[in-house]
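Novice: Starting off with a structure, shown below.
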Amino acid sequence: MSLGQQKAPKAGESRPTQPLAAGNGEAGRPEGQRLSPLALLSVADSRVMDAQAERLSSALPEELMQHAGSAGAHEIMRHYAPCRVLVACGPGNNGGDGYVLARILRAQGWRVEITPALPPQTPLARAMAARWKGAVVPFSPQAAAEAELVVDAVFGAGLSRPVSPEVAAFFAAADRIVALDLPTGVNGDTGQLMGEVARCERTVAFVRRRPGHFLLPGAEKCGFTRAAEIGMPARITTGFPVRCWRNEPGLWRLPRQHPLDNKYTRGVVNVCGGTVMPGAALLATEGARRSGCGMARIASDPAHAGVFRNGPPGIIVDTAPLAELLTQPHRKYWVCGPGLLPQEAGTLFPVLLEAHCCVVADAGTLDWAREDPQKLRGAAVLTPHDGEFARVFGPVGPDRIESARKAASLVGSVVVLKGYTTVIAAPDGRVALNVHATPALATAGSGDVLSGTVGTCLAAGLPPWEAACAAVWLHGEAGRRAAWSEGGWPIAEDIVAQLGNARGTAEKGTDDPG
Ligand SMILES: NC(=O)C1=CN([C@@H]2O[C@H](COP(=O)(O)OP(=O)(O)OC[C@H]3O[C@@H](n4cnc5c(N)ncnc54)[C@H](OP(=O)(O)O)[C@@H]3O)[C@@H](O)[C@H]2O)[C@@H](O)CC1
Ligand SMILES: Nc1ncnc2c1ncn2[C@@H]1O[C@H](COP(=O)(O)OP(=O)(O)O)[C@@H](O)[C@H]1O
Ligand SMILES: [K+]
């Protein structure tokens, strides 16, 4: 087909993004979609899978345990030289995995001992314990201290209450720890610590990783995490209704450049400019431009437009009243909040919603909605940090995912709860966790850059949750690149400068397959 025969994409809608593994509406997901490598499994998800496995074949649970223990043993053989290994086993199937791992390592000639934190209780753990023919030593901190490597197979998904001081003291005495499924004491769904938890060097997860591997403070205890395939049948994993994913390219896809592109097909982002903090609106606008929109404009009060006109030459400044601007073409996508006083946001934001604009609400708009979240209903995406979230919705709870999910469902908007682990929650319950970032992003104006980037991804035609996920990833990638080029200490302008490179990198896909 010649270029002339190709249809140019429509403004704001762009070319259709390809249907994606998870992002394209898991709720309405076609039957038969394979389990995304980006999926994160909750404890309840694993229980459902295990129950389905048991129904499928009575031999399957044991096979899965064999594979899980074997995956743990191979992880150790891959990363450690043969050494004295002490495998600490709990009463449940996490302990069962530990007995299998011990047997496999021992068969490979490693010096392995078992120490039972509690006697095996599940039928499978009992069966695996009965097959252990090697040394068993008492569960004590001294034994842990004497081992060269400790394997944590005490509690995993079944952790139901805080770990005892004895268990905590055992792991505290260990020098190097590899955990199966989760470090003992880390809640797999929330990353919260249930008692004192030691830091592991590695954690091997099964089937897929868990939200708790990515959420603080648990994330810091896991060390390097990897998911091992353990032979969970495709009949179970295919179409499995996951609600949580890691945020990486593949969960979403931004449009690539196209010969028939023009600045309007790439999308136009409009930013509300305020009177007292113009820099914030300028950063949002630059964030929008550098992340690839075709045009970014600032709407300003005529008396304060000078500072925007003296800004970067590629920014267009509009001074007509907002209601008049909204009658013009290319006024669908708005960023409303950076640099706005709450009262300014209160006069602009409702007008944008009235005109059915697609709005990113940040900063001043969130302040305007203090203790009254329903004022935000109609926004496409909200981008609060923890403080802003608390002002609108109440404090972020220990379950960060649940907090963001509830807020999203309450308002009917995508909520981007920013931080070390940014949680991107959709009103329908989908959640992505983003750790593709750096603490170097904690610099004033960085959030303004993000809101402009969300504007670009919306204007590129992505639905709000996918747009928010894409923007958070681009922002994190740009932050990493900026940190690298600025000795670890970038400022917001440096993050802006790396957004183009970030978008190019996103096109190549993720280097983290799981
Ligand atoms: N599909 C998969 O992913 C697969 C997963 N597999 C593996 O299964 C593991 C899950 O097994 P699991 O359900 O038996 O739970 P697990 O963590 O071993 O312990 C539960 C026991 O501990 C007890 N208990 C809890 N907290 C306690 C505390 N603080 N202090 C004292 N006791 C405490 C609890 O007691 P209860 O709460 O019942 O009173 C119960 O007796 C998973 O992590 C993975 O390793 C693989 O085998 C294959 C496929
Ligand atoms: N410790 C951290 N690790 C990773 N990212 C962080 C960290 N602290 C802040 N960030 C990111 O930096 C940005 C800061 O946003 P915000 O607090 O709104 O900044 P501002 O209001 O100054 O623009 C967010 O995208 C947030 O996710
Ligand atoms: K464990």
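In case you wondered, yes, glycine gets a Cβ from its N, Cα and C as well.
Copying in the features that TrEMBL gives for the protein in this structure:
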BINDING   93-97, 156-162, Asp181, Ala280, Gly339, His385, Asp448  (6S)-NADPHX binding site
BINDING   Asn94, Asp152, Thr184  K(+) binding site
DOMAIN    41-238  domain 'YjeF N-terminal'
DOMAIN    246-506  domain 'YjeF C-terminal'
REGION    1-33  region 'Disordered'
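Are these features on the surface or tucked inside, and what touches them?
Specialist: Counting Cβ atoms from all protein chains shown, Asn94 (K(+) binding site) has 26 others lying within 10 Å of its own Cβ.
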Novice: Three states by DSSP: which one describes Asp152 (K(+) binding site)?
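Specialist: In three-state terms, Asp152 (K(+) binding site) counts as strand.
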Novice: What are the other residues, in sequence order, whose C-beta lies within 8 angstroms of the center of the C-beta atoms of Asn94, Asp152, Thr184 at the K(+) site?
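Specialist: What remains near the Cβ centre is Ala88, Gly90, Gly95, Gly98, Ala153, Val154, Phe155, Gly156, Ala179, Leu180, Asp181, Leu182, Pro183.
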Novice: For His385 ((6S)-NADPHX binding site), write down the residues of its own chain that are at least 6 apart in sequence and whose Cβ falls under 8 Å from its Cβ; none is a fine answer.
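Specialist: In sequence order, the residues whose Cβ lies under 8 Å from that of His385 ((6S)-NADPHX binding site) (at least 6 apart) are Leu417, Lys418, Gly419, Gly447.
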Novice: Where the criterion is a Cβ under 6 Å from an atom of ligand 2, which of the binding-site residues Asn93, Asn94, Gly96, Asp152, Ala157, His385 meet it?
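Specialist: The qualifying binding-site residues are His385.
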Novice: I want to check the contact list for Ala157 ((6S)-NADPHX binding site): same chain, sequence separation of six or more, C-beta distance under 8 angstroms. What comes out?
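Specialist: Expected: Val43, Ser46, Arg47, Asn94, Asp181, Leu182, Gly188, Arg210.
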Novice: So which of the binding-site residues Gly96, Asp181, Thr184 sit close to ligand 3, that is, with a CB under 6 Å from an atom of it?
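Specialist: Asp181, Thr184, by Cβ distance under 6 Å.
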